[in-house]
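Undergrad: After the structure tokens below, expect a handful of questions from me.
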Amino acid sequence: MSEDKITGTLAFTVFTAVLSSFQFGYDIGVINAPQEVIISHYRHVLGVPLDDRKAAINYDVNGTDTPLTVTPAYTTPAPWDEEETEGSAHIVTMLWSLSVSSFAVGGMVASFFGGWLGDKLGRIKAMLAANSLSLTGALLMGCSKFGPAHALIIAGRSVSGLYCGLISGLVPMYIGEIAPTTLRGALGTLHQLALVTGILISQIAGLSFILGNQDHWHILLGLSAVPALLQCLLLLFCPESPRYLYIKLEEEVRAKKSLKRLRGTEDVTKDINEMKKEKEEASTEQKVSVIQLFTDANYRQPILVALMLHMAQQFSGINGIFYYSTSIFQTAGISQPVYATIGVGAINMIFTAVSVLLVEKAGRRTLFLTGMIGMFFCTIFMSVGLVLLDKFAWMSYVSMTAIFLFVSFFEIGPGPIPWFMVAEFFSQGPRPTALALAAFSNWVCNFVIALCFQYIADFLGPYVFFLFAGVVLVFTLFTFFKVPETKGKSFEEIAAEFRKKSGSAPPRKAAVQMEFLASSESV
């Protein structure tokens, strides 16, 4: 049938949309590889002296034996005494943690507004408007070498985080609305695939002989402006979402025109009838507030389970690995930690592609549990490898293998699954609010990990992943006892299972919109 094929216009439009997802991934990974170079620059800007060991590390990473050049405005002051040096080193650590975590702050703030902006401006104009934030953030970071680097990088990553918070809802929504029903799940996962591809590209570009060195690290940080500019140009040729035009604006003529371009056919009657049914069913359900999600017995257990799934995803330690993998591999004794980090990114991308095939064949709950159990054992082996590294040099390979497997198990289940399951927990009325709250909680947990991981790692040393092993075990047990299977079940069946566990009465209305679930998927 015509609606089942991928037309040139559809492929072009999806590619254009996931350029935002690519930027999202690039911004996640770009701060990792040049960590030592940027910290070294922070120290010089702030006048904090380097001890011999750190100097050797920094200059080796920089690929030069010459200290970083500092502009006259930031000339290093006279040497500090030992107490002042120790205190200032903590300041540098704090500024670096803020440089990493400020990205999540921006995403946390903006995550509630992606849907609102898409409804207000339309999907295309909303993505165009969001790119102004991406370009601003890239400009701030690109200029950071020539000013107070710590302030400009923190500001730039905050603004970039705002952009990513917006598009984390906009892009999956837009792709889900333009995709044929039978292709919606597969095309929806391209958001996640583009994201992890962005992470991988940022890690490759961050190699010291490419851009991750003292001369070019600011270019590396500002490079996300390139896909932003490209997307701004290509969006001018993309059709608006037909569902937005028909359901929100009630412009049937424009909706048909958009559908004809996307489907490559003049007969779009089936799509129009589907949207008409969706509009009628949506109009019978009232929107649900955040407070109602917790006070209404019909929604309380599903939202608590949804939040726990997202907490499990973030508190598993995955972003600690993504943000700080280079330093983790250094601790593990890997001679070329940046290349090991790139290996993590490659495995991340490969298993994201694998999950596209698995998610529709195995149950959501089954995949999530499989991933969590695998991650639990990986954190144990990772920790054992780090603890015994001083006694057995080959333990570095144990830790590295455990990290690779950890990422693989994450992408099999805990990475993509929460977004599918949260959408399946709720009908059309409460779904937007529930998804917004879930996205917000995801960003909050992301921020906590980004801000605190370095301090926790410094405090616990090689034992840090034993902590995450305990956390993963708790969430695994919660999933086993509390999370229902949703594969192949209607909303009424899922809601009935929740009501059975909570002992609440059936809701007055439960509209089924299972065909639109995949459009809600995000990172």
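Quick reminder: no glycine exception, Cβ is built from N, Cα and C everywhere.
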Undergrad: Do Val48 and Glu485 end up on the same side of the membrane, going by Swiss-Prot?
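TA: Glu485 and Val48, as annotated in Swiss-Prot, occupy opposite sides of the membrane (different topological domains).
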Undergrad: For the transmembrane segment (402-422) and the transmembrane segment (98-118), does the number of C-beta pairs under 8 Å, pairs 6 or more apart in sequence, reach 3 or more?
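TA: Stretch pair does not touch.
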Undergrad: Would you give the longest CA-CA distance, in whole angstrom, between residues of Gln192, Gln313, Gln314, Asn319, Asn348, Glu411, Trp419, the set recorded as binding D-glucose?
TA: 18
Undergrad: Which residues in the same chain, at least 6 apart in sequence, have a Cβ under 8 Å from the Cβ of Asn348 (D-glucose binding site)?
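TA: Within the chain, Asn348 (D-glucose binding site) has Cβ neighbours under 8 Å at Val196, Ile199, Leu200, Val407, Phe410, Glu411.
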Undergrad: Tell me, please, if the transmembrane segment (187-207) and the transmembrane segment (461-481) are in contact, taking contact as 3+ Cβ pairs under 8 Å between residues separated by 6 or more positions?
TA: no
Undergrad: If I take every residue in the topological domain 'Cytoplasmic' (423-432) and average their pLDDT values, what number comes out?
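TA: A mean pLDDT of 72 is what the model gives the topological domain 'Cytoplasmic' (423-432).
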Undergrad: Any contact between the transmembrane segment (461-481) and the transmembrane segment (303-323)? By contact I mean 3+ C-beta pairs closer than 8 Å, pairs at least 6 apart along the chain.
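TA: Yes, the stretches contact each other.
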